[in-house]
Amino acid sequence: MFLYYVDLAWRSIRKTPFLSLLMVLAISIGIGITITTLNVYKMMSFNPAGERSTQIHSVQLWSQGPDSWDEFDVNRTYQDVINLRSANLAQRQAAAFRTGMALQSDDESIAPVLQSIRVTDSDFFGIFSVPFLYGSAWEASVDTEPAYQVVIGEKLNRTFFKGENSVGRTVYLNRKPYQVVGVIKEWNPQPKYYDPTNGAFNDAEEIFVPFSLTPIEEFEVWGNTNGWKFEPMLTYNDRLISEKAWIQYWVELQGKEQIDAYSDYLAGYVEQQQALGRFTDPKQPRDKQRLVDIAAWLAQNNVVAEDNKVLVGLSVLFLSVCLVNILGLLLTKFLKRAPEVGVRRAIGASRAQIFAQYMVEVGSIGLLGGVLGLLWAVGALQILSARFDIADGLTRLDLSMWLITPMIAISTAVIAGLYPAWVVCRTKPSVYLKSQ
Amino acid sequence: MLHIKPILSSLLRSKSGPLLLLIQIILSVAIVANASFIIHERLALMSRDSGIAEEEILSFNVYNFDPSMDMAQQNKQDQQILRALPGVISASSTNMLPLSGGGWMDRLVDGPDVETAKSTPGFAFYLGNEQMVDTLGVKIVEGRNFFAEEIRSSPAESGILALVSKPLAQAFWGEESPVGKIMYQGTDQQVEIIGVIEQLQGAWVDHRNFEYSVIANVDWGGQGANSSYMVRAGAAALPGLKDSIIAALHRENPNRVIDNFKTIAEHRASSYRDHELMVTILSMMVVLLLLITSLGLAGMVMFNIERRTKQIGTRRALGARKRDIMSYFLVENYLICLAGGILGALLAVLLGQQLMKFYSLPKLELIYPLLTLAGLLLVTTMAVFFPARKAADISPALATRSV
């Protein structure tokens with residue numbers, strides 16, 4: 001029966017080619033626009049942490065004085081990070097900031113490259129599930145006893161070591177030797193959720209060095225440094241003892257108990273710092289700390305651009321215009337075929353059968369529109385990414401779209417078809433038989 | 001005469017068809033009005049003049065990784081090399097690049113006492129030498145530029161002088177001239193204002209203080225391993241400049257990475273790219289929406305004509321002229337469009353209010369729904385005109401034949 005309806009639908013579509021084409025076009029354009037904006041939205045709002053999202057927390061402290069910032073800063077001061085690190089209370093914990101240095105190897109024939117580098121602790125790799133190809137992170141002891149060790153990415157390993165296991169070999173960062181302890185596999189989470197502050201869709205760093213080297217090597221800060229009061233920064237040490245915030249601090253905590261315990265600890269820490277004359281804002285110590293999980297962190301960093309939300313809203317409205325448009329076209333088309341329906345009813349087709357037949361027809365139009373719409377969307381995304389230099393991660397068609405698109409298309413068409421099909425299956429056979 | 005009454009009563013009788021068209025027009029007006037408003041607002045943002053010679057300024061980054069290098073000395077030497085290159089008009093080290101999306105923001109206060117001092121609004125804080133004004137191509141409208149011997153190497157030294165942009169001067173000092181005023185960074189660092197620049201924008205195109213800028217007399221390039229420079233050159237010299245800069249600086253010392261060559265015009269383009277993207281997508285939406293609405297309308301009118309062939313034939317037989325038949329369809333369209341347009345404008349305003357509440361969009365101006373309605377009338381007239389002309393061609397005989 002279904003196949004017969006499909007056949008009927010195809011005949012009917014061919015009988016009114018112009019009208020059918022209009023309908024397919026209308027659906028496809030509506031779908032094309034909706035899927036384009038929805039895809040970008042989905043890519044932006046993707047949470048790469050997955051189920052670990054609630055276990056990874058950014059530690060945030062209200063270290064500013066009164067009448068300065070009116071919200072929590074995403075970064076911490078060096079002194080707070082050092083204190084929290086040495087307390088070592090979380091399951092895993094890592095400080096992190098971005099720097100950059102020139103990279104060379106013993107092979108002089110390869111030109112030095114300026115690389116963006118993450119300065120962090122050994123737990124970083126575990127917290128953010130960074131996969132290793134060779135070796136591993138540096139020992140936890142390096143986090144307290146600084147050593148010139150480095151973890152590099154697969155791509156750099158190919159450039160500088162021809163892809164061999166380079167663990168134990170030496171690379172030079174600003175001409176200083178670092179020993180390779182690990183090579184990570186291609187790892188580029190989009191959005192760059194462990195640090196979206198300088199572009200949420202930038203590429204991940206490919207070099208990682210121990211945070212404990214910071215005061216010795218005085219790594220330049222390639223991220224944001226935020227200050228709420230004037231502090232001269234003439235030397236690196238000025239930076240280290242300042243109230244300026246420039247380091248992200250991450251902890252991994254499992255379950256409510258651990259989270260509560262860590263919050264208690266933070267509140268106690270704030271109180272202790274208040275006694276030392278810091279954290280001067282008149283707020284309760286408990287309100288001067290918070291743990292932000294990944295989902296909230298991405299929201300705090302405005303990873304999903306506001307413009308994109310507006311676009312998704314407008315394109316859904318656009319789709320509804322298409323829906324109304326098709327509704328009107330279907331109504332005229334079906335009413336025109338009323339005499340035919342009259343005959344079918346007279347020779348025994350039930351209302352349900354007529355209804356089903358028209359729904360199949362409408363659904364086929366929707367499917368055609370959906371397929372065409374998906375092509376529009378793919379084209380639009382390609383053109384946009386080429387023309388506007390958008391991060392690849394945003395314009396790649398999400399796999400789920402292959403399922404979502406036909407679903408939206410067919411249901412749009414079916415919703416549009418419900419009323420016309422209902423009108424037409426109420427047709428009284430007698431009216432049309434009389435006029436024949 | 002337009003014979004509105006019979007058209008209206010026939011519209012009211014055949015409920016669903018015209019009603020659908022009405023809904024479609026209401027939604028279209030609401031969407032198109034808001035979209036075109038956003039487009040217009042973004043275009044206005046993008047067309048703001050920066051006041052600097054964007055096309056002639058090449059910016060780049062030098063990363064020195066030779067630990068034995070004397071950075072301050074190297075910086076001075078590098079700038080001399082840059083200025084000696086053929087075609088180069090002037091060059092300055094800088095801590096930030098205009099319109100680039102990244103830079104320093106700071107405030108100054110007007111007294112040493114924390115309790116009573118009044119703070120300026122936040123401004124983009126440029127550090128550069130006496131050539132920065134020429135390199136940017138900005139105009140000093142009051143006071144003077146720095147002299148070469150006044151240039152310092154750090155903003156913490158004494159003798160800091162500053163040029164302020166006119167919008168900042170007006171925002172903080174009003175009509176009074178800021179030249180000669182002493183400002184403070186913190187409690188003891190003094191900054192003397194020696195000049196006013198007509199216009200200089202900061203780094204962040206969406207920041208509300210975009211027009212507020214200050215240049216201080218600091219040759220920042222010697223501060224650390226990482227230095228940024230701006231070089232201004234004539235249009236003829238610009239294309240080959242990148243290669244000659246790399247060659248000349250590497251000849252001086254090979255232990256550095258020289259990259260990120262970009263003109264300020266390129267920085268501008270990438271800073272405004274999101275807005276451009278928004279404008280493109282929304283324009284696409286508007287065009288497609290009008291297209292779909294008019295195609296749908298044309299399709300429906302065509303089918304109505306087929307259904308009403310007899311009726312039209314009869315009217316023609318009873319003495320209606322071709323013109324009357326055409327005006328019937330056109331007036332029918334106008335009635336629906338007007339009703340839809342008015343309701344759509346209301347919806348547009350409501351939608352605009354929601355957008356304003358949740359997103360940082362300004363209030364929708366009424367002119368946009370009105371313009372949309374005008375556009376819609378034009379497009380739908382075309383969509384109806386051709387089918388209507390076909391209808392007018394129906395011969396009276398057709399009606400009588402099948403009776």
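Glycine is treated like the rest: Cβ placed from N, Cα and C.
What TrEMBL says about this protein:
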{"type": "DOMAIN", "residues": "B:124-233", "note": "domain 'MacB-like periplasmic core'"}
{"type": "DOMAIN", "residues": "B:284-396", "note": "domain 'ABC3 transporter permease C-terminal'"}
{"type": "TRANSMEM", "residues": "B:20-39", "note": "transmembrane segment"}
{"type": "TRANSMEM", "residues": "B:277-305", "note": "transmembrane segment"}
{"type": "TRANSMEM", "residues": "B:325-351", "note": "transmembrane segment"}
{"type": "TRANSMEM", "residues": "B:366-386", "note": "transmembrane segment"}
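Residues 17, 21, 24-25, 28, 31-32, 35-36, 38-39, 42-43, 46, 312, 329, 333, 375-376, 379-380, 382-384, 386-388, 390-391, 394 of the same chain, all 6+ positions outside the transmembrane segment (B:277-305), place their C-beta atoms under 8 angstroms from a C-beta of that stretch. Under DSSP, the residues of the domain 'MacB-like periplasmic core' (B:124-233) split into helix, strand and coil as follows: 19 helix, 43 strand, 48 coil. Helix, strand and coil residue tallies for the domain 'ABC3 transporter permease C-terminal' (B:284-396), in that order: 97 helix, 0 strand, 16 coil [DSSP]. Per-residue confidence over the domain 'MacB-like periplasmic core' (B:124-233) averages out at a pLDDT of 92.
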